[in-house]
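Copied over from TrEMBL:
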type	residues	note
REGION	1-35	region 'Disordered'
REGION	67-191	region 'Disordered'
COMPBIAS	67-81	compositional bias 'Basic and acidic residues'
COMPBIAS	94-104	compositional bias 'Basic and acidic residues'
COMPBIAS	122-137	compositional bias 'Polar residues'
COMPBIAS	160-181	compositional bias 'Acidic residues'
REGION	271-325	region 'Disordered'
COMPBIAS	300-325	compositional bias 'Acidic residues'
Amino acid sequence: MTTSRTTTTTQPSASTSSRPADPPSPGAPIDEDEDEIIREALARVERVKARKAAEAAKRKAAEEAAAKKAAEEAEKKKQAAERAAAARRQVAQDARDRAVRAREQEDEIVERRRKLAEAATARSQGGTSTGDVSTSPRRPIVEISKMENKGKGKAKAPVVDEDPDDGDDGDDDDEDEEDREPCERCRSKKIPCLKQAGKRSSVILKKDGGAGPSGERLAVLESQMAQLLADNRALREANSKTQQYLRQLLRRQEDDHTRLISMDTRMSLMGMGEGPAAAGPSRRTTERRRPLKRRRVVEESEEEREEEEEVEEMGMEEDGEALFL
């Protein structure tokens, strides 16, 4: 087997159009790429620096704002603490001032009481008051009217220096039989006689230019006032017992009335006698009697109430007589 080889020979041409272009020089493109890379790197570095600077500025502004806010809050707290301390100091000062005023008032009251006690002691001993005691005008002599029976007449209390005579023998012994005996009304009702209590509680007045009541007379006045209070208490107890008795009486009358009605009805149903008229009082008659009985009891209770009011008025007048001293 034979192999043929073909050899082609190419001759160079003189025209430049058929010559291929020269490859670029490797030095220039490499320099341009490095410069571009360096510029891009520098730009990135600048951008990073700018971003970091902006972030640092933001952080600094935030820190400054936080510090300013903290300083303002601290200032506010300081001012609030100062105001609270000032308020506490003011309250403490006010409390001290009130305590001082209270002590001064207490001292004034104690001094006034001491002066009054010294003046009372001097008057009871018949002497004159000391120089530092404040002098007061003498009490006027008051004539107090006393209510008689049901206000028909009024008698003036005599101006005497000793215990007034409660009897007719001219002595101050309060031992007259007629005065010790209670009135008919109080004896019948078995209650303390306020008329006698009024006599026992006669007002003791001083003479013109005389000294005030002594300790013995004050004790007498206190005992008379205690007697008045005891009599008033006994009167109230008697009044409550009377009201209770009236209520029981009315309740008993109502029970009797109900019992009579039931008996009348039962006997009329059983047919005993000639009917309700023969068995007893009819319902109409009982109902007609019942208001009369109740009216009578109510009238008696009203009379009792008027008498009690009258006695209370007498007691109040006697209390007023004692208060004038």
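In case you wondered, yes, glycine gets a Cβ from its N, Cα and C as well.
Secondary structure of the compositional bias 'Basic and acidic residues' (94-104), assigned with DSSP and counted as helix (H, G, I), strand (E, B) and coil, comes to 11 helix, 0 strand, 0 coil. Across the compositional bias 'Basic and acidic residues' (67-81), DSSP helix (H, G, I), strand (E, B) and coil residues number 15 helix, 0 strand, 0 coil.
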